[in-house]
Amino acid sequence: MSAVLKPTPTHDHHVADLSLADWGRKEIKIAETEMPGLMAIRQEFAASQPLKGARITGSLHMTIQTAVLVETLQALGAQVRWASCNIFSTQDHAAAALVAAGTPVFAYKGETLTDYWDYTHRIFDFGAKGTDGEGPNMILDDGGDATLLMHLGQKAEKDPSVISKPTSEEETCLFAAIKAKLAQDPTWYTRKSAQIIGVTEETTTGVHRLNEMSAKGTLLFRAINVNDSVTKSKFDNLYGCRESLVDSIKRATDVMIAGKVACVAGYGDVGKGSAQALRALSAQVWVTEIDPINALQAAMEGYKVVTMEYAADKADIFVSATGNKNVIRYEHMAAMKDEAIVCNIGHFDNEIDVASLEKLKWDEIKPQVDHVVFPDGKKITLLAKGRLVNLGCATGHPSFVMSSSFANQTIAQIELFTKSADYQVGKVYVLPKHLDEKVARLHLKKVGAMLTELTDEQAAYIGVSKSGPYKADTYRY
């Protein structure tokens, strides 16, 4: 493949339609009223400006809620450049609103993979009009693609063979983008990486990548695992998916869920929320699991625990929520009923073996909704081409639950940027418990919750401070 990095344009952004900015701004204002955590953090830190001097490269779904996060980081003093971490997840009016306010954003709904990796490169250049000036000193990542780019690019500077054999369309475009950048500047990745203090990572998938690199001793900077903050994983992953999964299936298909058999692959926090949502609409919910503990949890909640092989020709709706690859394979889809609905609410599109379907006939019903036709004439309905269904076919999680996640991200950025000496390069950390509890406190008033206060005697009896933390780090919520 030929080089794919494009000449830098005269404007330092790329969005679908700037005329959508007013619409986006109106929705951002509404979202702010539902995001008390971020708004409280703005108020708390407005004077002290803890992120002054921070140059944050952001790779995270470009939604209305993300716009509130971006403007919170800026309100605390940061410079920000932003791209989406998924080719289908951008809300174009949100991107336009940020650009109209002066933020460099590179994202549009339905990006090509070539554009995706071009934009991921461009968010690392903080010079005037996107020129190759100084780089970021912080990364805010979702899924780990920005972090991956720095690490893989630096490896390729020393050993080009690491980008010589792509195994997927995604890798083909990524490797071509890296080759093009190296042809322009053979040390670009090393220079950009050298300035980076740390990364804060949003998702299970991205954290897995960080932990792998840390274990191998190859992680180039400090990292905070935001995903495993209780106020992220037990809220965003569970309650967020509980609302956004069925929203996306309904928007995409208008199908009646009641009475259907729905098979959820994976019973972690995302799977739990997905299963609850489908059962709430009176589907018969089946679960597949590899972990005996999660499988027993599902069974104790009344779900039928089966294998994908068992469910393939019986279920009507399939949802992958594992963080693994090839969970729903060609042989499973070939066995499915006509018009079975197949979707993924994990981060990457390889949970469903979409590559194995490329040889078949595809019939686009509407954007992000496709019939895939098998040789016998049977069709399955594939949503968002196997990528995140709740952002590809709907607008993602509600603002309130994203306030909790993004409050964690903001606090983690402050923590790493202002206290970098407390965190070791190459290690992955979680936020301290007292900060996790702080995020929860910031959201209680909005839902009318009243917190009981310990007496001195009670605090002494259980051996905690009256102001917390209230649980040991090992406590499972």
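Using the three backbone atoms N, Cα and C, a Cβ is placed for every residue, glycine included.
Computed from a predicted structure; not experimentally measured.
Annotated substrate binding site per Swiss-Prot: T63, D142, E202, K232, D236, in sequence order, evidence recorded as sequence analysis. The NAD(+) binding site annotation in Swiss-Prot covers 203-205, N237, 266-271, E289, N324, 345-347, N390 and rests on sequence analysis.
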The one of E202, D236, E289 whose CB sees the fewest other CB atoms within 10 Å, among these binding-site residues: E289
Length of the line joining the Cα atoms of H347 (NAD(+) binding site) and D236 (substrate binding site), in Å: 13
Cβ neighbour count (within 10 Å, all chains shown) around H347 (NAD(+) binding site): 23
DSSP-derived structure type at V270 (NAD(+) binding site), helix or strand or else coil: helix
Same chain, 6+ residues apart, C-beta under 8 Å of the C-beta of V270 (NAD(+) binding site), given in sequence order: T204, N237, L238, C241, A321, I345, G346
Fewest other Cβ within 10 angstroms of its own Cβ, chosen from the binding-site residues T63, T203, T205: T205
Sparsest-packed of the listed binding-site residues (D142, K232, G266, G268) - C-beta count within 10 angstroms: G268
Spatially closest candidate among T63, D142, K232, D236, the listed binding-site residues, to T205 (NAD(+) binding site) (Cα to Cα): D142
Spatial neighbour of E202 (substrate binding site) that is closest, considering only the binding-site residues G266, G268, E289 and their CA atoms: G268
Other CB atoms within 10 A, centred on I345 (NAD(+) binding site): 30
Largest separation between Cα atoms (Å) of residues that the record links to substrate, namely T63, D142, E202, K232, D236: 17
